[in-house]
Structures are given as structure tokens and as C-alpha cells.
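Peer 1: Got a structure for you, written out below as C-alpha cells; questions coming shortly.
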């Protein structure tokens, strides 16, 4: 029990200590000081050093926004912020400010910020004797009967003094006379009035009038006074005077009573008769002026009625002096006093005074930040004067009551300007009257912006489709960002972040208007060079610190038909149009040649169509619209010329379409084997064989050792080259070149395995050969197999690589004859470079890669490859039509460039691989080339791009299916000739039997 009691005592001590601390803190924050000054001080008069009295640093008054707020109508006092002195700003008239109130003061509120402190200052106004007493009239008239007995009293008009306290009316003085003396009375409110008392009887016959001077004196120093003259007329006697029911009345009257309201009805009686009993009522002479203004007395009935506005706040009670007098001669007036108590009514609305409003307030202000200091007041009394304040609950603000009738408006939650930029807070002040009266005041609180929102783009990303070949400087799109902040915090600037596009800075491609986000192209884009790119656009506001946001803009370059088709095969050779040999015995539908073209555009702009633009005989040849295959329309007749010139137009599907043309010469021969040289002449004469043997025996010893060393060196070099360069080379097996030999009149045929020499000087983008089923190599190469003019005396075949692209034409024999060139045209007038019979565009754009081969297509393109080839010479044919034609023996390669005059059945339809490549890089006019496949007549072309040569892919379109025997233009590649019995020896009857025997005897041993 003792322990519990000790704990209780300690708890009580702790509570008392906390309460004392709270009181000390409140005294520091809410303090009050008092000043007393006399009225009528001039402007600038010293009141007090308020900074010193409050313990404030005078130098920091301005920094802390020191200010005073007064509830008075005028700003009577002001503070010098430099020294903290409170001085008179306007002359103060106490009588005007407080009227007749004994105490006169007004209050000031001192507001200091950083931190917020409130002080209350009370200023008391001391009265100065600046007003003299005065009477309402300068003369008073009294009628007194001579029968009046000594001691009779006659009230006199009261003097008025606006001053209060000791400066107010103090006493009355009466001039010396024989009959009257003064009796000074004091009212309940402290005011004084005088009554004239009859001291000795009057005698009308001796003196009918009397004159005296009444003087009112105040208590000021020096004293002031006012006088009035009293004129008394002595009347003849009237025996009975009126008598009131009571000499003192007390009534209650509600303030703001309507005019005409009866306050009280007086009643006086007179024992006389006739006129001496007829009584009239009136205010006594010393009734105050304010009473006369507020009330009236009915002279006949004695009713006192409300005349003016009765206000409890101005006067809580009124004393009315009324006299009654009959109409007889020498009538004597009798007097009574009516005390009217005014009852308070709740007739005054509460008043709301904003003494300090801190607006705007920052949106990051913490809860508890003071927004405004509010004071309220109500002129009513009691419960009618008690005021309570409230604000709506849905706003993030609260009212805290500091002390009676003072409130502070503070934040109770975090503010967000973007959600609510300003608040109209309705403050309701309501008194406790019945019914209660209230006043509403709206406080506008503006929220200042902070940079707390980053810009936001309208879209998470932007996609722009731009047609190529745009004008530099054209606007391609516009990005827009929004920032919910305001002013500078919402001012946005746009920029493009650094980056690379194809190794170049993004600033060289596009630019942006920093004000409106418009993006402009700085160059003309080319779909074939750049199909799409991506940029990052940044929007940054001007706040501090600035906030920023990025957005991705994807730009897709749309294709435009700005590239004409490019003829890939056949190409002009040595200045002349490409020449193809057509057997005269072929049937209708025979594939004579195939035109292959490519278009660097994409989509429909790269879809190609072929048509015959010009022909010697339009009824003889036609070209497939989609494949470019040139076929015979009918069989040849004797009257058909043996030379046919065709001009093929290749047109794309763009709008407007672009086109290119290629010329091709078709030579009609009676039989292909007839144009071959006589293989019987290949047998060497005995004399030549003897000479050759002698040479070989002599040089055998020398060559044997040299050959052994050369083999070792070549093996080492070959191994080194295979390891370092074979991966980046491509094979391009082109046709063997022809040489002119004037010394040898015999045809020589050499059967041997081909040695392929790889040259590294060729540059290009076209893959021309696939060897042994390998994938296409990255660079093209070609080879030539040529015999020197002295080949009739040698058992060796010399190989020579093709010249690099873009090189000058080389001479192909000892005599130095050059290949002539033939022209070819395109609508875009692209220049061409002739290279040993191959014509290539000077600038060939990357081909359309939108399609790939199927697995079956790739298999069919690889199955027929072989590097085993044979060569044989052919005799030159005369040129009956005058066309240029090589005159030297020509050597041809069997295999990848086998001519397609021989109809052989195949396992696949449409030879790909080398055969297809052979259609790209055409061989000379009398070489054997790979066959072309006639597409099924019942189906349209499977893909318009099957005839477009695309680097990196086989150019043939193949579909694996069994080929019916006898179908036109179906072959196996000659690369399969004689390997593992895969060659199907089925020939057309038109095939020359002599040449067939020769081939079977010499090549299939």
C-alpha cells in the first residue's frame, strides 16, 4: 500500500510539472501587454517600445514580418519596424471612440512569423478635460404658484459633459437669491442633476418674476463650466396638484422593440374639478436628450412609447423623468421616475477578422503549417456573445483555438497543387443565442507549385512511317509531353539523346524543335540503305532541379519505287548482245533462254514482269510473264531466219513502274552436234607423236627432280592457302573462254580432270557457284580453261582465272583480239562495266531478302553439283547473218555449264544450284549451259521472286517431284554425268548419233 501511495504522489507531481511547463510555453507564445495614453495626441506621439517590451530583436522585425492588426475602424497606432517603437498614427478622440463609457480601450493583435508568435496589446485611452458642461437651453422658464409651500422642489434641466470620470460634470451652482436653493442629486449611472428648492414663500403681489443663473462645473483641471438663466414666473394659487400612483416605476423593454411600442402607461390624479383636474404629461426638464430621442410621452394619456432604436449594446437601461400638471391656474407639476431595463436580444451577427493570412502556401508544406490567424467577436452579451467557429471536414485544414475568440488555421495533411490548386475554405462563426446567428467568411488559400512531377508523353512510344526519298528538313512527326506542374515547372524543352545510326551520330539524321517537339529529317532516307531506326526523345522541364522523361520513337522507312530492275542474266558479252543457240528441230514450248533480273526495292515494287518488247518474228518466241523464260511458240520452218533478235522488257509492279531492257540474239542451228569440231582429228600424227616422245625423254630427268620439288612446295602453299582463305572464297565456274589460233588447223580435244584455280581479286555481291553441295560462298570467282596457240604440241592444259570485276577487258589470245561489247539499257540509265564478257551494274544495291528457299528447294539445288567436268573444242560456224562470232576454236565445260540442247530426263523439276547460277552468269554463245525447267502449265508461278537473283541464296526455284518421261525441257545437270550411274542416258531422237557415240566412247570410259 505504501508503494502504491508513493507512485500516486509521484504521478501527481509529474502532472503538476507538465501543466506548469505548458502554461509557461503558452505565456511565451500568447502574451499580452498594456499601454495607457491620453486622447488627442498628435501624429507620431510615442506610445511605447513594443519590441523591447516583448523582448524581441528590433533588427529582425522586418525579417519576421512583424505587423499589428486592430479591430477598430481606424488604424490609430503603428509600429516603426526599424526601432520597434509604437506611435500614434491618427488622433484619438475618446468621446468618439467610447462615448460615455467610464473605461475606454481597444486591442491590438501583434503577429510575428518564423516562428509564429501572437501577442495581444491593450491600449487604454485616458480622458482629457477637453469638453465644457453645457445646458440644452440657455434659458429655462418655470411657473410657480404663489401658494407653493417652502420645500417644494422643481427639477432643472441637466447639463451635459462629454468628458467622463473626474472631468465630467461635478456640481451645479446657483446665483444668490432670497427664495431658492439648489439640491444636487446623483443618478444611478453617476450623473448629477439639480433641483430648485423653494426656501421661503413667494408673494406674487410683491414680485411676480425672479431671475437666477445656474452654473454647471466639471471636475477637470483646470475646471470648465457652463451656465443657463432661470426665469421664474409667480402664478396665482391652485389648491390641489396632480398625484402619480407611485413616484418610481421599473419596467423591462426588449431591445430593437418596434417603434410605437408602449413602454408604460402613467396615471396621475387631481382632486380638483374642471380645468384644474385636467392633467397633461410631459418629460421633466432634466430628462436626458438621448431619452427624448428614444422615447415619447403622450401628453393626454401618459403613455410612454418607443420612438427610436433601442440597442442593448449602447445602453442597458434608461431613466425617464415625467411630470404631470393640471390646466388650472397656478398649476403645480408633479414628477415621477421611470427606470427602463433593456433586455438583450441575439441581434448581432458574429464578426470574423482575419489578422494574418499566409497565402500562397507551398504544396510541400508539412502538416501543422499555420495558414491564417482568425479573431471573432459578438456584440451581444451572455450566450448571445459566445462564438464558435468551424470549417468543412473535407478540406486538409484544421482550426485550433489559442484562447477565447482567437483561432489559427493550420494544415492537417500534405497538399497537392496538381490535384487541388486552391481551396475556398468557408469559415462559419456561430453564436450560442436562440436562435443562433452565424457569419460565413471564405478564405482563399492558394497552393504554390513545386517541381514534383516529371513530364509525361501522351504515348508510351511513337511509331512513324516515312516514305523514302523525303525532302531534307521535312517534318516527320511530332511528340508531345505534358507536365501537370505550372509556370516554369511546366515549361518543357525537347531534345534527342545521343546515339548512333549505322555508325553515324543520330544528330546527322534527325533534329527536333525544342519548343514544340516537331521532329525533322536532316537527310533524304533510302529504304534500300536504311529500313528503320530508333531514336530517344527527352522532355525536360524548367524546374529546379529539372525533371525529365524519355520516349522511344521508331521510324520505319517505307519503300518507294525508285530502283529500276537490273538485268542479271544474260549479260552482254564483249560489247555484243548475249547469244543463245537454238536447235531447229525443237518443238513448241522449248525453253530457249531465261532472263533473270533483280530489283532492289521491296514488296510490290520488286515484283517483276517480263514481256517481249521487240522481235524479228513475234510469232516465234514468247517470254513468261513471271519467270522470264523464253520459249518457242511454234516449230521452226525453213523460211525462218537463223538469227533472231529479241528485246525483252523487264518491268516492276511499282507506281509508276520502272523497267529495263535486255537484247538477246538467238541462233537457230540445224543440229547442235554439227557445230562441234570433228573429234576424229584429235588423233595425233605419228611424226608428231615421235617428236613429242623425244622431247619428253630428253627433259624427263630434269623435269622429274623439278616436279618433285614443285609438288612439295605447292603442297605446302596449298595447305596454307586452304587454312587461311578457302573460307572466304566462292567458286564461280564460268564458261571456258575461246582463243583464236591461226597456226593450227586441226581441232584438238583434251580429256582430263579440271583443275580449278581460285582467284582472290574479284569483288562483288553475287554468289555464282556452289561446289559439292556446299552453301554459297561469300565472294564470286570464275575460271577459264584455255589452250595456247601451241596446244597441239602439248599434253598440258593451262588454266587462267577470270579478271576481277571492274577491270579493263583483257585480250584472250596471243594475237590480242578483244571481246567486243554490246549495249544494254534500263530506264534509270545506270552505267555498266564490261568485264570479260560479263556486264555488272556499276552500283548494285542489296537485293530484296524477303524470301527464302524451302528445305526441298535447298536440297534440289545441291543434289546435282559436281566438280568433275570435261572439255572439248568446237569448230567455229560461219555467220550467215553478219553477226560477230569468235573464229578461234572454242572450249566448253561439261558439268555446271552444260548447254541445254540435249533433252535428258531428271529427278527434279527446275534445276537449281550450279545450273541456276549458270543462268545468272551466262557463258559465251556457243557454250553448253544448264537447263531451264518449264513450270507446270496448270499452276501459276509459285512466287514472283523465283527468277530474282538474290546474293547468298540459290537462284532457282525447285520443287521435288518425279518428272514424267518425255516432258519438255527437263534435264539433270551435267555435273552428275557419269557418276555412280546416276546419269539417265535417254536422248531425244534429234540428237546426232555420231556425236552421241563420240561422247559415250570418249567420256564414259
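Residue 1 is the first one shown; counting continues down the chain.
Yeah, the Cβs are placed from backbone N, Cα and C, and that goes for glycine too.
TrEMBL annotations: computationally assigned, not manually curated.
Keep in mind that this is a model prediction, so the values were computed, not measured.
TrEMBL lists these features:
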COMPBIAS  857-869  compositional bias 'Polar residues'
DOMAIN    29-135  domain 'Cadherin'
DOMAIN    136-244  domain 'Cadherin'
DOMAIN    245-352  domain 'Cadherin'
DOMAIN    353-457  domain 'Cadherin'
DOMAIN    458-567  domain 'Cadherin'
DOMAIN    582-679  domain 'Cadherin'
REGION    857-883  region 'Disordered'
TRANSMEM  692-717  transmembrane segment
Peer 1: Within the domain 'Cadherin' (29-135), count helix residues (DSSP H, G, I), strand residues (E, B) and coil residues, in that order.
Peer 2: 14 helix, 44 strand, 49 coil
Peer 1: I'd like the per-state residue tally for the domain 'Cadherin' (582-679) from DSSP, helix first, then strand, then coil.
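Peer 2: Within the domain 'Cadherin' (582-679) the tally stands at 8 helix, 45 strand, 45 coil.
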Peer 1: If I take every residue in the domain 'Cadherin' (136-244) and average their pLDDT values, what number comes out?
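Peer 2: Residues in the domain 'Cadherin' (136-244) carry a mean pLDDT of 87 in this prediction.
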Peer 1: Please spell out the DSSP helix, strand and coil residue counts for the domain 'Cadherin' (245-352).
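Peer 2: The counts are 10 helix, 47 strand, 51 coil.
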